[in-house]
Amino acid sequence: MAKQYDVLFRLLLIGDSGVGKTCLLCRFTDNEFHSSHISTIGVDFKMKTIDVDGIKVRIQIWDTAGQERYQTITKQYYRRAQGIFLVYDISSERSYQHIMKWVSDVDEYAPEGVQKILIGNKADEEQKRQVGREQGQQLAKEYGMDFYETSACTNLNIKESFTRLTELVLQAHRKELDGLRTRASNELALAELEEDEGKPEGPANSSKTCWC
């Protein structure tokens, strides 16, 4: 039976409550959009497998609550993330200003070298815009991040942004990936991961790897 994926890692969505993190996640994983807003309680996640340069990448995407009362819980997930989306709402100057606080949290709690992308979400709400595209680009430049304006409503830059962060994580781990390729000959890697889905651990010869 063909293996389901070659490598697995975690991505994290962080940002203020109401910026559309859950909508981004649902659009990317399920191609669904729900206009009604229900705040995430604590942490939720979804899975998706994509192909990047011939590598089957299994992504575990964590959606964190933005409310202050959940911060102690959500910060625990920073430590095991390989990639992080910092999300603000283009119609909320406040959420944009708070990105500095979220960056500070990443610097404190996430592993060194974690890959980051800045997202200006709800780009479909142009008539409500409070944050210019140039502001987002400038902030991303200051922090050394790629930048995308997205819309879960219209599906703008959803696949592109998730694929880009996946590429950045793969590039950051290219040395490990090449080493695993060498040791495993024609197979990509050898490692096991319980995917937080309640699945039992697989046999020792499964050809998968995880940077978690």
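Backbone N, Cα and C define each Cβ position, glycine as well.
Some features that Swiss-Prot has for this protein:
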BINDING   17-23, SER35, 39-40, GLY66, 121-122, ASP124, 151-152  GTP binding site
MOTIF     31-45  motif 'Switch 1'
REGION    192-212  region 'Disordered'
LIPID     CYS210  S-geranylgeranyl cysteine
LIPID     CYS212  S-geranylgeranyl cysteine
MOD_RES   CYS212  cysteine methyl ester
Long-range Cβ environment of CYS23 (GTP binding site), under 8 Å and at least 6 residues apart: PHE33, HIS34, ASN121, ALA152, CYS153
Intrachain C-beta neighbours of LYS122 (GTP binding site), sequence separation six or more, cut-off 8 angstroms: VAL19, GLY20, ASP89, ILE90, SER91, LYS128, SER151, ALA152, CYS153
DSSP-derived structure type at LYS122 (GTP binding site), helix or strand or else coil: coil
Per DSSP, three-state class assigned to SER17 (GTP binding site): coil
C-beta crowding around SER17 (GTP binding site), within 10 angstroms: 15
